[in-house]
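S.K.: Straight out of Swiss-Prot:
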| type | residues | note |
| --- | --- | --- |
| ACT_SITE | Y139 | active site, proton acceptor |
| ACT_SITE | K177 | active site, proton acceptor |
| BINDING | 11-12, 32-33, K39, K54, 75-79, N92, K143, V169, K177 | NADP(+) binding site |
| BINDING | N168, R179, H186, F200, G201, E202, Y203, R213, Y292 | substrate binding site |
Amino acid sequence: MTLIVTGAAGFIGANLVKALNERGETRIIAVDNLTRADKFKNLVDCEIDDYLDKTEFVERFARGDFGKVRAVFHEGACSDTMETDGRYMMDNNFRYSRAVLDACLAQGAQFLYASSAAIYGGSSRFVEEREVEAPLNVYGYSKFLFDQVIRRVMPGAKSQIAGFRYFNVYGPRESHKGRMASVAFHNFNQFRAEGKVKLFGEYSGYGPGEQTRDFVSVEDVAKVNLYFFDHPEKSGIFNLGTGRAQPFNDIAATVVNTLRALEGQPALTLAEQVEQGLVEYVPFPDALRGKYQCFTQADQTKLRAAGYDAPFLTVQEGVDRYVRWLFGQL
(Lines of atoms letter the chains of each structure in order from A and count residues from 1; the text may use other names and numbers.)
(Lines give C-alpha, C1' and ligand atoms only; values in the text may rest on other atoms or scores of the structure.)
Protein backbone atom coordinates (compact mmCIF):
# COMPACT_ATOMS: atom_id res chain seq x y z
CA MET A 1 0.00 0.00 0.00
CA THR A 2 0.99 3.57 -0.61
CA LEU A 3 2.41 5.93 2.00
CA ILE A 4 2.24 9.71 1.67
CA VAL A 5 4.54 12.24 3.30
CA THR A 6 3.61 15.91 3.02
CA GLY A 7 6.40 18.40 3.56
CA ALA A 8 8.56 15.55 2.29
CA ALA A 9 11.43 17.77 1.17
CA GLY A 10 11.39 19.66 4.46
CA PHE A 11 13.28 18.98 7.66
CA ILE A 12 11.17 16.42 9.51
CA GLY A 13 9.44 15.13 6.38
CA ALA A 14 12.71 14.22 4.67
CA ASN A 15 13.96 12.48 7.79
CA LEU A 16 10.75 10.45 7.87
CA VAL A 17 11.15 9.47 4.21
CA LYS A 18 14.71 8.34 4.95
CA ALA A 19 13.61 6.41 8.04
CA LEU A 20 10.86 4.69 6.05
CA ASN A 21 13.38 3.79 3.34
CA GLU A 22 15.60 2.20 5.98
CA ARG A 23 12.68 -0.11 6.80
CA GLY A 24 12.30 -1.07 3.15
CA GLU A 25 9.40 1.30 2.39
CA THR A 26 9.81 2.94 -1.02
CA ARG A 27 6.22 3.18 -2.25
CA ILE A 28 6.06 6.73 -1.01
CA ILE A 29 4.39 9.76 -2.57
CA ALA A 30 6.36 12.85 -1.60
CA VAL A 31 4.30 16.05 -1.43
CA ASP A 32 5.86 19.48 -1.08
CA ASN A 33 6.23 22.98 -2.50
CA LEU A 34 9.60 23.32 -4.19
CA THR A 35 9.33 27.04 -4.86
CA ARG A 36 12.34 27.06 -2.54
CA ALA A 37 14.19 24.74 -4.91
CA ASP A 38 17.19 23.90 -2.72
CA LYS A 39 15.00 21.65 -0.57
CA PHE A 40 15.32 18.96 -3.24
CA LYS A 41 18.72 18.13 -1.74
CA ASN A 42 16.98 16.58 1.26
CA LEU A 43 15.52 13.86 -0.97
CA VAL A 44 18.54 13.07 -3.14
CA ASP A 45 19.52 10.03 -1.06
CA CYS A 46 15.91 8.91 -0.57
CA GLU A 47 13.73 6.56 -2.62
CA ILE A 48 10.22 7.72 -3.50
CA ASP A 49 7.58 6.46 -5.91
CA ASP A 50 6.27 9.86 -7.01
CA TYR A 51 6.41 13.58 -6.28
CA LEU A 52 3.43 15.95 -6.23
CA ASP A 53 3.15 19.66 -5.63
CA LYS A 54 0.99 20.47 -2.62
CA THR A 55 -1.42 22.48 -4.78
CA GLU A 56 -2.61 19.40 -6.69
CA PHE A 57 -2.25 16.79 -3.96
CA VAL A 58 -5.35 17.31 -1.83
CA GLU A 59 -7.85 17.27 -4.69
CA ARG A 60 -6.32 14.12 -6.19
CA PHE A 61 -6.12 12.40 -2.81
CA ALA A 62 -9.74 13.27 -2.01
CA ARG A 63 -10.99 11.66 -5.22
CA GLY A 64 -8.98 8.49 -4.62
CA ASP A 65 -6.37 8.83 -7.35
CA PHE A 66 -3.72 6.99 -5.33
CA GLY A 67 -5.61 3.78 -4.63
CA LYS A 68 -5.32 2.28 -1.17
CA VAL A 69 -3.31 4.63 1.04
CA ARG A 70 -2.14 3.12 4.31
CA ALA A 71 -0.94 6.28 6.03
CA VAL A 72 -0.29 9.97 5.60
CA PHE A 73 2.53 11.62 7.53
CA HIS A 74 1.40 15.24 7.38
CA GLU A 75 4.51 17.34 8.07
CA GLY A 76 3.88 20.13 5.55
CA ALA A 77 3.35 23.55 7.14
CA CYS A 78 4.71 27.03 7.45
CA SER A 79 6.83 26.73 10.60
CA ASP A 80 8.06 30.33 10.74
CA THR A 81 6.99 31.57 14.16
CA MET A 82 7.76 35.15 13.08
CA GLU A 83 5.40 35.04 10.07
CA THR A 84 2.83 37.84 10.42
CA ASP A 85 0.57 37.07 7.44
CA GLY A 86 -2.28 35.46 9.33
CA ARG A 87 -4.35 34.64 6.25
CA TYR A 88 -1.44 32.75 4.70
CA MET A 89 -0.71 30.93 7.96
CA MET A 90 -4.31 29.83 8.46
CA ASP A 91 -4.76 28.71 4.85
CA ASN A 92 -1.48 26.79 4.85
CA ASN A 93 -1.50 25.27 8.33
CA PHE A 94 -5.17 25.03 9.24
CA ARG A 95 -7.41 24.75 6.18
CA TYR A 96 -4.98 22.63 4.19
CA SER A 97 -4.55 20.29 7.17
CA ARG A 98 -8.33 19.95 7.50
CA ALA A 99 -8.58 18.91 3.86
CA VAL A 100 -5.88 16.25 4.31
CA LEU A 101 -7.58 15.02 7.49
CA ASP A 102 -10.98 14.77 5.78
CA ALA A 103 -9.50 12.69 2.94
CA CYS A 104 -7.79 10.35 5.41
CA LEU A 105 -10.99 9.83 7.38
CA ALA A 106 -12.98 9.17 4.21
CA GLN A 107 -10.48 6.56 3.01
CA GLY A 108 -9.57 4.99 6.34
CA ALA A 109 -5.93 6.03 6.13
CA GLN A 110 -3.80 6.54 9.22
CA PHE A 111 -3.25 10.26 9.82
CA LEU A 112 -0.04 11.16 11.66
CA TYR A 113 0.56 14.88 11.81
CA ALA A 114 2.84 17.60 13.09
CA SER A 115 1.45 19.71 15.89
CA SER A 116 3.71 22.01 17.91
CA ALA A 117 4.76 22.95 21.42
CA ALA A 118 4.17 26.56 20.29
CA ILE A 119 0.57 25.86 21.30
CA TYR A 120 1.60 26.23 24.94
CA GLY A 121 2.89 29.78 24.48
CA GLY A 122 4.07 31.22 27.77
CA SER A 123 2.60 28.44 29.89
CA SER A 124 4.75 26.89 32.60
CA ARG A 125 2.99 23.53 32.21
CA PHE A 126 3.28 21.39 29.10
CA VAL A 127 0.54 18.80 29.27
CA GLU A 128 -1.92 18.01 26.48
CA GLU A 129 -4.81 19.85 28.14
CA ARG A 130 -6.88 22.74 26.81
CA GLU A 131 -6.52 24.93 29.91
CA VAL A 132 -2.74 25.35 29.54
CA GLU A 133 -2.78 26.13 25.81
CA ALA A 134 -2.23 29.82 25.03
CA PRO A 135 -0.20 30.42 21.83
CA LEU A 136 1.79 33.64 21.52
CA ASN A 137 1.82 33.92 17.71
CA VAL A 138 -0.34 33.09 14.70
CA TYR A 139 1.78 30.02 13.92
CA GLY A 140 0.99 28.60 17.34
CA TYR A 141 -2.66 29.55 16.92
CA SER A 142 -2.92 27.75 13.56
CA LYS A 143 -1.63 24.57 15.21
CA PHE A 144 -3.80 25.09 18.29
CA LEU A 145 -6.97 25.50 16.22
CA PHE A 146 -6.29 22.33 14.24
CA ASP A 147 -5.75 20.38 17.46
CA GLN A 148 -9.20 21.54 18.61
CA VAL A 149 -10.67 20.10 15.40
CA ILE A 150 -8.84 16.84 16.09
CA ARG A 151 -10.29 16.68 19.60
CA ARG A 152 -13.81 17.01 18.19
CA VAL A 153 -13.31 14.52 15.36
CA MET A 154 -11.25 11.84 17.11
CA PRO A 155 -14.02 10.16 19.17
CA GLY A 156 -15.92 9.24 16.00
CA ALA A 157 -12.94 8.42 13.80
CA LYS A 158 -12.66 4.87 12.45
CA SER A 159 -8.96 5.22 11.61
CA GLN A 160 -5.91 6.41 13.51
CA ILE A 161 -5.30 10.08 14.24
CA ALA A 162 -2.00 10.80 15.99
CA GLY A 163 -0.70 14.33 16.50
CA PHE A 164 2.76 15.17 17.80
CA ARG A 165 3.55 18.40 19.56
CA TYR A 166 7.15 18.81 18.51
CA PHE A 167 9.36 20.70 20.91
CA ASN A 168 12.70 22.16 19.74
CA VAL A 169 13.80 19.77 17.02
CA TYR A 170 17.34 19.74 15.63
CA GLY A 171 19.28 17.50 13.28
CA PRO A 172 20.20 16.71 9.67
CA ARG A 173 18.32 18.13 6.65
CA GLU A 174 17.35 21.49 8.14
CA SER A 175 19.76 23.85 6.34
CA HIS A 176 17.03 25.19 4.02
CA LYS A 177 15.13 26.61 6.99
CA GLY A 178 17.38 29.67 7.24
CA ARG A 179 16.69 31.69 10.39
CA MET A 180 14.18 29.07 11.54
CA ALA A 181 16.82 26.32 11.64
CA SER A 182 17.81 25.03 15.07
CA VAL A 183 20.11 26.75 17.52
CA ALA A 184 22.59 23.90 17.09
CA PHE A 185 22.74 24.52 13.33
CA HIS A 186 23.31 28.26 13.78
CA ASN A 187 25.86 27.74 16.56
CA PHE A 188 27.82 25.38 14.31
CA ASN A 189 27.95 27.83 11.41
CA GLN A 190 28.65 30.83 13.63
CA PHE A 191 31.55 29.15 15.38
CA ARG A 192 33.10 28.12 12.08
CA ALA A 193 32.66 31.63 10.63
CA GLU A 194 33.52 33.76 13.67
CA GLY A 195 35.31 31.47 16.09
CA LYS A 196 32.63 32.00 18.73
CA VAL A 197 28.99 31.31 19.52
CA LYS A 198 26.58 34.09 20.50
CA LEU A 199 23.69 33.52 22.90
CA PHE A 200 21.06 35.80 24.39
CA GLY A 201 21.95 37.47 27.67
CA GLU A 202 19.70 37.84 30.71
CA TYR A 203 15.96 37.96 30.14
CA SER A 204 12.82 37.35 32.17
CA GLY A 205 14.69 36.10 35.24
CA TYR A 206 16.97 33.77 33.30
CA GLY A 207 20.73 34.32 33.36
CA PRO A 208 22.88 34.59 30.22
CA GLY A 209 22.29 31.55 28.02
CA GLU A 210 20.14 29.97 30.71
CA GLN A 211 16.83 30.15 28.88
CA THR A 212 15.86 26.50 28.68
CA ARG A 213 14.11 24.41 26.08
CA ASP A 214 13.29 20.78 25.48
CA PHE A 215 15.70 20.09 22.61
CA VAL A 216 14.83 16.87 20.77
CA SER A 217 16.80 15.14 18.02
CA VAL A 218 15.01 14.55 14.72
CA GLU A 219 16.19 10.93 15.06
CA ASP A 220 13.87 10.55 18.04
CA VAL A 221 11.07 12.41 16.26
CA ALA A 222 11.22 9.90 13.40
CA LYS A 223 11.28 6.95 15.82
CA VAL A 224 8.15 8.14 17.62
CA ASN A 225 6.30 8.67 14.34
CA LEU A 226 7.21 5.16 13.21
CA TYR A 227 6.14 3.67 16.54
CA PHE A 228 2.64 5.03 16.06
CA PHE A 229 2.67 4.03 12.40
CA ASP A 230 3.29 0.48 13.62
CA HIS A 231 0.44 0.80 16.15
CA PRO A 232 -2.58 2.10 14.22
CA GLU A 233 -4.83 1.33 17.16
CA LYS A 234 -3.25 4.16 19.16
CA SER A 235 -4.69 7.65 18.64
CA GLY A 236 -4.27 10.93 20.47
CA ILE A 237 -2.31 14.16 20.71
CA PHE A 238 1.11 13.61 22.24
CA ASN A 239 4.00 15.79 23.36
CA LEU A 240 7.15 14.86 21.48
CA GLY A 241 10.13 16.00 23.47
CA THR A 242 12.78 14.47 25.69
CA GLY A 243 11.10 15.44 28.95
CA ARG A 244 14.27 17.36 29.87
CA ALA A 245 14.71 21.14 29.83
CA GLN A 246 18.30 22.07 28.99
CA PRO A 247 19.76 25.57 28.67
CA PHE A 248 21.04 27.08 25.44
CA ASN A 249 24.44 27.06 27.15
CA ASP A 250 24.42 23.25 26.85
CA ILE A 251 23.91 23.48 23.08
CA ALA A 252 26.70 26.03 22.67
CA ALA A 253 29.15 24.17 24.89
CA THR A 254 28.52 20.89 23.06
CA VAL A 255 28.93 22.50 19.62
CA VAL A 256 32.20 24.15 20.66
CA ASN A 257 33.64 21.04 22.29
CA THR A 258 32.66 18.73 19.43
CA LEU A 259 34.30 21.03 16.88
CA ARG A 260 37.37 21.27 19.11
CA ALA A 261 37.49 17.47 19.36
CA LEU A 262 37.33 17.19 15.57
CA GLU A 263 40.40 19.43 15.45
CA GLY A 264 42.23 17.43 18.12
CA GLN A 265 41.71 19.99 20.89
CA PRO A 266 40.63 19.20 24.47
CA ALA A 267 37.16 19.88 25.85
CA LEU A 268 36.56 23.02 27.91
CA THR A 269 34.02 23.84 30.58
CA LEU A 270 31.42 26.48 29.74
CA ALA A 271 33.19 28.93 32.06
CA GLU A 272 36.44 28.36 30.19
CA GLN A 273 34.69 28.83 26.85
CA VAL A 274 33.23 32.15 28.03
CA GLU A 275 36.58 33.26 29.47
CA GLN A 276 38.32 32.51 26.17
CA GLY A 277 35.65 34.33 24.15
CA LEU A 278 34.36 31.18 22.49
CA VAL A 279 30.87 31.81 23.89
CA GLU A 280 29.56 35.38 24.00
CA TYR A 281 26.30 36.83 25.32
CA VAL A 282 24.37 39.56 23.49
CA PRO A 283 21.44 41.72 24.67
CA PHE A 284 18.01 40.15 24.32
CA PRO A 285 16.31 41.62 21.21
CA ASP A 286 13.33 43.93 21.71
CA ALA A 287 11.49 42.30 18.79
CA LEU A 288 11.20 39.04 20.74
CA ARG A 289 10.06 40.45 24.08
CA GLY A 290 6.69 39.03 25.03
CA LYS A 291 6.79 36.49 22.18
CA TYR A 292 9.54 34.22 23.43
CA GLN A 293 9.29 30.93 25.29
CA CYS A 294 12.02 30.97 27.97
CA PHE A 295 11.16 27.50 29.23
CA THR A 296 9.73 24.37 27.62
CA GLN A 297 9.72 20.81 28.89
CA ALA A 298 7.53 18.08 27.46
CA ASP A 299 5.37 16.14 29.85
CA GLN A 300 5.80 12.60 28.51
CA THR A 301 3.05 10.97 30.54
CA LYS A 302 0.68 10.37 27.61
CA LEU A 303 3.47 9.28 25.27
CA ARG A 304 4.79 6.73 27.75
CA ALA A 305 1.26 5.53 28.56
CA ALA A 306 0.83 4.83 24.83
CA GLY A 307 3.68 2.35 25.10
CA TYR A 308 6.64 4.29 23.71
CA ASP A 309 9.44 3.37 26.10
CA ALA A 310 12.67 4.12 24.17
CA PRO A 311 15.13 6.61 25.70
CA PHE A 312 15.67 10.01 24.09
CA LEU A 313 19.05 11.47 23.20
CA THR A 314 20.35 14.19 25.51
CA VAL A 315 21.65 17.46 24.07
CA GLN A 316 25.19 16.27 24.69
CA GLU A 317 24.55 13.03 22.77
CA GLY A 318 22.35 14.34 19.98
CA VAL A 319 24.11 17.63 19.27
CA ASP A 320 27.52 15.94 19.28
CA ARG A 321 26.22 13.46 16.69
CA TYR A 322 24.64 16.25 14.64
CA VAL A 323 27.76 18.44 14.64
CA ARG A 324 29.83 15.50 13.43
CA TRP A 325 27.28 14.96 10.63
CA LEU A 326 27.40 18.65 9.66
CA PHE A 327 31.20 18.58 9.69
CA GLY A 328 31.12 15.57 7.39
CA GLN A 329 28.99 17.52 4.89
CA LEU A 330 31.61 20.26 4.45
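Counting starts with 1 at the first residue shown.
Positions of Cβ are set from backbone N, Cα and C atoms, glycine also.
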S.K.: Please report the number of other Cβ atoms within 10 Å of the Cβ of K39 (NADP(+) binding site).
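M.R.: Other Cβ atoms found within 10 Å: 22.
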S.K.: Taking just the CA atoms, what is the gap between Y292 (substrate binding site) and K143 (NADP(+) binding site) in Å?
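M.R.: Cα-Cα distance, Y292 (substrate binding site) to K143 (NADP(+) binding site): 17 Å.
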S.K.: Any idea what the Cα distance is from N168 (substrate binding site) over to F11 (NADP(+) binding site), rounded to a whole Å?
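M.R.: The separation of the Cα atoms works out to 13 Å.
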S.K.: Nearest to Y203 (substrate binding site) by Cα distance: which of the recorded positions D32, A77, Y139 is it?
M.R.: Y139
S.K.: Looking only at C-alpha atoms, tell me how far D32 (NADP(+) binding site) is from K177 (active site, proton acceptor), rounded to the nearest Å.
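M.R.: D32 (NADP(+) binding site) to K177 (active site, proton acceptor), Cα-Cα distance: 14 Å.
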S.K.: If you count other C-beta atoms within 10 angstroms, which of the recorded positions F11, Y139, Y203, Y292 is the most crowded?
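M.R.: Buried the deepest by this measure is F11.
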S.K.: Under DSSP, is K143 (NADP(+) binding site) part of a helix or a strand, or is it coil?
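M.R.: Going by the DSSP assignment, K143 (NADP(+) binding site) falls within a helical segment, counted as helix.
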S.K.: Nearest by CA distance to F11 (NADP(+) binding site): which of the recorded positions is it, out of Y139, K177, G201?
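M.R.: Going through Y139, K177, G201 one by one, the Cα closest to that of F11 (NADP(+) binding site) is K177.
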